[in-house]
């Protein structure tokens, strides 16, 4: 009894193994062409048109996609593999099929002024290590950036030069020089970006154009006058100089500290207006608006009446009386736009 059960178990295992191998085995008339680098498989086998026209077309396409995918996976498992974080990974070769790009290839960036100068002088960039030995702290530190080695802005003692003021703060002077260098580098970086994109960078005050207009010259003079400590308060005007227009008004703000009674009263008035159901009515504004509307209506009526009267006068004089030149009453140019002279008066 036990031997029969063992034979049955072995037979069942063989059937399961055959069924599993049958699932990963796909037979094709023509072998597929593979490009494992791009995970591509090319199937050149003929497709029966009746399978596509049949009702079970979706099942046929799904089966075809499954078989081709299985063949591609079988081809990938033939590649050399390695274990990365307890996961088996296959090493894909270089792709052999040229796949078209969705977007055009990026254009190379134009060289900066320093790159052009280095190429002209034959200066080659040397790779430097990121860590250097600091003799003061006796440890390895970064060459650049935060907590770098030989940081001159973190020195506790600075020697005062001979020609400088002894009361001058050398630490503040070094920090100021560092900020100026950072600002200059940032300005040069932005100039390189603008030059690469072919954008004209406007200057301060008078823009560098071929010929400046009168308004531009006046704007440059105004900017130069207000660029003083007194904001141009004690600067005299030039001969025949006009005051600049559209200079803008400075906004006035309420003080942040002090008496808050005025601010409190404003907020209470605003809440009172919001809480009231009846809208605020300004009698003076309403009367002025009504007067303007009546004035505009009367002007339009006068224009219409004047236009009708002029046309009647022109029509009545057509072909009846004669003008100075003995015409038909159309005036000197014959268009009837000038008023006619009555007979017997000159």
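Cβ coordinates come from backbone N, Cα and C, glycine included.
Here TrEMBL flags 273-283 (among others) as compositional bias 'Basic and acidic residues'.
The compositional bias 'Basic and acidic residues' annotation in TrEMBL covers 290-300 (among others).
Annotation comment: TrEMBL describes 301-312 (among others) as compositional bias 'Basic residues'.
Taken from TrEMBL, the feature compositional bias 'Basic residues' applies to 319-346 (among others).
According to TrEMBL, the feature region 'Disordered' maps to 235-260 (among others).
The region 'Disordered' feature in TrEMBL is assigned to 273-346 (among others).
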Could you give the number of helix, strand and coil residues in the region 'Disordered' (235-260) as assigned by DSSP?
0 helix, 0 strand, 26 coil
Long-range CB partners for the region 'Disordered' (235-260) (under 8 A, at least six residues beyond its ends), listed in sequence order, are 218-219, 221-222, 225, 228
How does the compositional bias 'Basic and acidic residues' (290-300) divide up by DSSP, counting helix, then strand, then coil residues?
11 helix, 0 strand, 0 coil
